[in-house]
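What follows is a set of notes on a single structure, which appears directly below.
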Amino acid sequence: IAKMNIQVLPEHKLSSVAPLKQFNMEKKEVELILVKEQNGVHPGSADDVVRETWGKKLDFLLSVIGFAVDLANVWRFPYLCYKNGGGAFLIPYVLFLVIAGMPLFYMELALGQFNREGAATVWKICPVFKGVGYTVIIIALYVGFYYNVIIAWSLYYLFASLTSELPWLGCKHSWNSPNCTEPQHINGTILGNRTSYSKFKNTPAGEFYERGVLHIHESRGIDDLGLPRWELAICLIVVVFILYFSLWKGVKSSGKVWIDAATQIFYSLGAGFGVLIAFASYNKFENNCYRDAILTSTINCVTSFISGFAIFSVLGYMANQHQVNIKDVATEGAGLVFIIYPEAISTLPGATFFAIVFFIMLLTLGIDSAMGGMEAVITGLSDDFKILKRNRKLFTFIVAFGTFLMALLCITNGGIYVLTLLDKYAAGTSILFGVLIEAIGVSWFYGVDRFSEDIERMTGFKPGIYWRLCWKYVSPTFLLFVVIASIVTSGELRYDDYVFPDWSNIVGWFIALSSMLCVPIYAIYKFLTLPGTFKERTAYCITPEHEYHMVMEGNVRQYKVRQCKRYNYNYSLPICI
């Protein structure tokens, strides 16, 4: 079918086409066959297996929202907003949401839904870029190594909350140091001018986290890890089993201100992890992915705003309690949700109840996001290697068990240093680089006009000029700026007062490069393994696989140059406005 110039006619003319009348197919069914042909799947072949779809539309929406709304909405966005001027931060945040976050979110949903493939095999549309699929799969795997540990901490805190008196109350416990100070005795005078309350770790809540849970006082640094903590190991096993049994059957079961705003958009929405492509690949062909992109990205950002109000009402309360400025209690990351917030909860009537509710919330936020990341790995690789798809249960177990083994490094006495290293390098610059290459591959090599036609075949309408301009010009330019800025502004790695040795930064960049290098390595491999002259190999690299016969005929659409006075949607690369 792909080699024949078959035109899908309007429904009222279908009766005049004998083959279509014989099979009594609707327009969307015909287009789905064409899509299968484009992906190299011929009706009746061994690979013509009906792809699993979501049981209900709500399942897909909740899965995407659950992945996008994660711990970053709670512990990162409110602090960044405060640190960078409060309301002023919302200006670049909303701007980058509109020009980059939502367009790329929409692009990934449409890309996965139309091609019905995972993050790697979706690049049949432009084979030379398949390496970026492996990049995002590796990043998702790296993030799973340490993200599951944070969920395990939440589970540990939940179990610890099941008592009449919360364990982070008072200095009488075995893990407390002689320097432990009751919160009611801490104020601005005791802290002095150089220490903020958020950095004062000798409170009962601070010592429970660092000495009772992490045992960080028993490690000298990243070169002195020790053995895994058995209590955290049990919690980690529970988390991994939850993920496994949820996934084994598939889806049915100033300048700096601007950089912070830009990176938060991608960390929050989740573009570039391969998750959106994986989830969307299980949608029905005619699903309205445009509406989904607008709805889910809006819900995610509104959730960030709401969490900001909730977090800072607590921080304001803590500042008032200790007679300090709010800047002294404002913090981000684990210190916020495992020290400051638990301490605030402990002062409330019915503290045990609110602690249980809070850590259940953290668990649900973390589990949803972890499931999305693991699904991106499983779908991405199983679509590429059919033996993995045929043995999905076993493959899911291997992935889950592998992440468990690597996560053990993060629950040792010095595990917090390993986690900090992975958090900085595993999905920092590399995820921004992956999204940049993805945007270039779709917009400049596959072509915005052709991509718009794909969306029209699914939804019945073409994306507007705004989306096309963002995909081709605005978003790639923005991403290039952010990638360069993230490299230039990358400073030394620290955890509180501990400065990481130089070798650990080298290891960190090696981790980052191990995913990013998949792009050039696969491109070189693809070029060298293709037949023909230099020009023919280049043509094969940038031509969708179902159009390889056109390369043999010397008819390569990317090599064509055309002139036009108005916009139209043919298959040549340039976009005409």
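Any Cβ shown, glycine's included, is placed from N, Cα and C.
Within 10 Å of the C-beta of LEU365 (Na(+) binding site) there are 24 other C-beta atoms, taking all protein chains into account. If you look up TrEMBL, you'll see GLY66, ALA68, VAL69, ASN73, SER268, ASN300, LEU365, ASP368, SER369 marked as Na(+) binding site.
TrEMBL lists 90-111 (among others) with the feature transmembrane segment.
The annotation transmembrane segment is assigned in TrEMBL to 132-159 (among others). Beyond the transmembrane segment (132-159), the same-chain residues lying 6 or more positions past its ends with a Cβ under 8 Å from any Cβ of the stretch are 71, 118-123, 213, 231-232, 235-236, 238-240, 243, 272-275, 334, 338, 342, 355-356, 359-360, 362-363, 366-367, 369-370, 373-374, 376-377, 380-381, 384, 399, 403-404, 406-407, 409-411, 415, 418-419, 422-423, 426-427, 430-431, 433-434, 437-438, 441, 511, 514-516, 518-519, 522.
Here TrEMBL flags CYS171-CYS180 as disulfide bond. Other Cβ atoms within 10 Å of the Cβ of CYS171 (disulfide bond) number 16 in total over all chains.
According to TrEMBL, the feature transmembrane segment maps to 227-245 (among others). Cβ atoms under 8 Å from those of the transmembrane segment (227-245) belong to residues 148-149, 151-153, 155-156, 159, 213, 215, 253, 367, 370-371, 374, 396-397, 400-401, 403-404, 407-408, 411-413, 415 of the same chain, restricted to positions at least 6 beyond its ends.
Among the features that TrEMBL reports, transmembrane segment is placed at 257-282 (among others).
As annotated by TrEMBL, transmembrane segment applies to 294-317 (among others).
Here TrEMBL flags 351-373 (among others) as transmembrane segment.
According to TrEMBL, the feature transmembrane segment maps to 394-419 (among others).
Summarising the annotation, TrEMBL assigns transmembrane segment to 425-448 (among others).
As annotated by TrEMBL, transmembrane segment applies to 469-488 (among others).
Away from its own ends, the transmembrane segment (508-528) comes close to residues 127-132, 134-136, 138-139, 142, 421-422, 424-426, 428-430, 433-434, 437, 493, 537-538, 541 of its chain (Cβ-Cβ under 8 Å, at least six residues beyond either end). Among the features that TrEMBL reports, transmembrane segment is placed at 508-528 (among others).
Here the C-alpha separation of GLY66 (Na(+) binding site) and CYS171 (disulfide bond) works out to 38 Å. Away from its own ends, the transmembrane segment (351-373) comes close to residues 63, 66-67, 69-71, 73-74, 140-141, 143-144, 147-148, 150-151, 154-155, 157-158, 161-164, 166, 239, 242-243, 246-247, 270, 273, 275, 278-279, 337, 341-342, 345 of its chain (Cβ-Cβ under 8 Å, at least six residues beyond either end).
Taking every recorded stretch in 90-111, 394-419, 425-448 and counting its Cβ pairs under 8 Å to the transmembrane segment (294-317), the highest total belongs to 90-111. Here the Cα atom of CYS171 (disulfide bond) is found 31 Å from that of LEU365 (Na(+) binding site).
When Cα-Cα distances from CYS180 (disulfide bond) are compared across the binding-site residues VAL69, LEU365, SER369, the shortest belongs to LEU365.
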